[in-house]
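Read through the structure below, which is laid out as structure tokens, and then see the notes.
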């Protein structure tokens with residue numbers, strides 16, 4: 001390997017800006033090194049890279065091609081477990097919300113029902129707010145493991161609730177005749193309430209206990225998505241990064257579908273909603289265990305001055321022939337052996353403001369389109385049109401999954417910007433169909449077809465671009481120095497708006513009506529089309545270093 005590298009250097013010398021990496025490669029296995037690269041004009045650099053950068057892909061005059069996608073795939077799949085958990089916990093209250101409200105005594109209180117949804121999102125806000133500092137301080141792998149912990153705790157709380165209620169039933173059986181128990185179920189309920197009042201675990205069988213568990217789970221949900229977006233972008237080969245980025249959206253869809261299917265018996269089986277929460281502990285434990293065997297992000301390692309380890313991880317992810325080119329390119333935009341403290345003020349104004357503004361606005365428009373209101377409350381919405389909720393929700397889930405699979409195939413062919421424009425435009429049309437369904441001109445059958453068809457089309461078009469692209473695009477356009485912390489700020493914006501949409505959707509639906517509410521969502525989709533057309537740059541086929549140098553002004 002050393003002889004091949006030496007021959008490569010003699011026949012195809014690297015540009016002067018990358019000469020430091022050659023010295024690093026000679027001694028990198030024994031000690032870490034730092035590199036200084038003075039950024040030049042963006043266009044000049046990219047032109048230089050086009051002329052000279054291809055030399056690092058040649059060996060004995062032959063093109064070595066792209067690295068194998070199979071090397072990085074297992075690491076990507078493990079990372080997407082966090083996205084599966086994200087989707088599962090988003091959808092788990094959909095089928096079970098009615099059972100939860102009856103069992104915990106707040107049935108008919110739309111504000112309390114919205115609070116069950118939104119408390120999780122509030123926890124996610126705090127989790128996402130600190131995700132950048134966690135992933136920068138501990139590394140991407142440890143951040144994944146940390147995000148699994150509160151999800152396991154939240155599931156364990158649900159399990160303790162189930163055990164507590166069963167123990168109350170056994171205690172009641174010991175003190176009462178079993179025949180009387182069957183004849184008078186109301187007496188059992190009274191006994192439960194009495195014991196709950198005396199028990200130290202009373203809050204675990206109340207609305208407040210549910211909210212506490214959802215708060216724990218939400219914290220893990222907030223940590224997971226930004227770390228997943230960072231990790232996928234940093235360990236994926238450039239030529240397939242868009243496809244791998246779409247995997248997180250597919251995993252989210254599978255999580256939503258899993259929650260729907262597991263929640264189907266909730267209306268027939270008492271306390272089944274508790275089982276739905278408990279089941280989520282399995283993928284959370286799997287994420288924590290499997291991440292121990294995954295590669296750490298070479299970008300994070302190099303940023304921490306651990307160059308030798310970064311080189312080893314590149315070899316693990318890309319193969320030995322591509323290590324030198326990856327390290328040379330990384331050194332041009334990063335400074336090894338240097339851990340800068342990124343201040344919040346740096347993200348809000350100055351040279352980084354533009355990319356942070358683009359990312360935050362994309363996430364805000366994604367949520368203001370109304371997509372999560374449909375996911376959270378599709379059962380309630382479909383019921384108002386007389387559509388069986390089970391069938392409708394499953395159709396919504398498969399529509400989301402199908403669109404995500406199509407997006408995976410198109411992401412690295414059409415590009416991010418094209419998919420975003422087509423997605424938001426399709427969502428405008430879909431919302432128009434649902435607005436027509438609420439008008440007095442539509443017949444009963446016409447309103448049914450327009451509403452259901454419009455909602456399914458809305459979910460499908462969302463999953464083509466507005467769903468998977470913002471997270472992927474943000475992880476691509478953010479500079480390495482601020483990537484994790486800026487992602488945390490943008491995701492915090494996402495969760496704040498997500499929280500209020502989940503909290504206010506049902507009350508607004510009752511007060512202003514579906515037609516006006518859907519018109520507001522459609523207006524935000526139109527605004528998203530205009531914003532994407534004016535501000536979003538295409539990143540397809542470009543390395544993270546090329547994107548960073550092209551977007552940021554010279555220092």
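Every residue, even glycine, has its Cβ placed from backbone N, Cα and C.
Residues or ranges marked as domain 'Major facilitator superfamily (MFS) profile' by TrEMBL: 75-540.
The feature transmembrane segment is assigned by TrEMBL to 111-131 (among others).
Sequence-distant contacts of the transmembrane segment (211-232), counting only residues of its own chain at least 6 positions beyond either end whose CB sits under 8 Å from a CB of the stretch, comprise 75-76, 79-80, 82-83, 85-86, 89-90, 115-116, 119-132, 134-135, 140, 143-144, 146-151, 153-155, 157-158, 203, 241, 244-245, 247-248, 277, 280, 284, 297, 471-472, 474-475, 483-484, 487-488, 490-491, 495. Summarising the annotation, TrEMBL assigns transmembrane segment to 211-232 (among others).
Annotated transmembrane segment per TrEMBL: 244-266 (among others), in sequence order. Same-chain residues lying 6 or more positions outside the transmembrane segment (244-266) and placing a CB less than 8 Å from one of its CB atoms are 72-73, 76-77, 79-81, 83-92, 94-96, 98-99, 225, 228-229, 232-233, 236, 272-273, 275-276, 279, 375, 390, 393-394, 397-398, 400-401, 404-405, 407-408, 411, 463, 467-468, 471-472, 475.
Long-range contacts of the transmembrane segment (272-294) within its own chain (CB-CB distance under 8 A, at least 6 residues past either end) are made by residues 74-75, 78-79, 81-82, 84-85, 88-89, 92, 96, 99-100, 103, 141, 144-145, 147-149, 151-152, 154-156, 158-159, 161-162, 213, 217, 220, 259, 262-263, 265-266. Summarising the annotation, TrEMBL assigns transmembrane segment to 272-294 (among others).
For 355-379 (among others), the entry in TrEMBL reads transmembrane segment.
Residues or ranges marked as transmembrane segment by TrEMBL: 418-437 (among others).
Annotation comment: TrEMBL describes 449-474 (among others) as transmembrane segment.
Positions annotated as transmembrane segment by TrEMBL: 486-506 (among others).
Outside the transmembrane segment (512-532), and at least 6 residues removed from its termini, the chain residues within Cβ reach (under 8 Å) are 361-362, 365-366, 368-370, 373, 381, 417, 420-421, 424-425, 427-428, 431-432, 434-435, 438-439, 466, 505. Here TrEMBL flags 512-532 (among others) as transmembrane segment.
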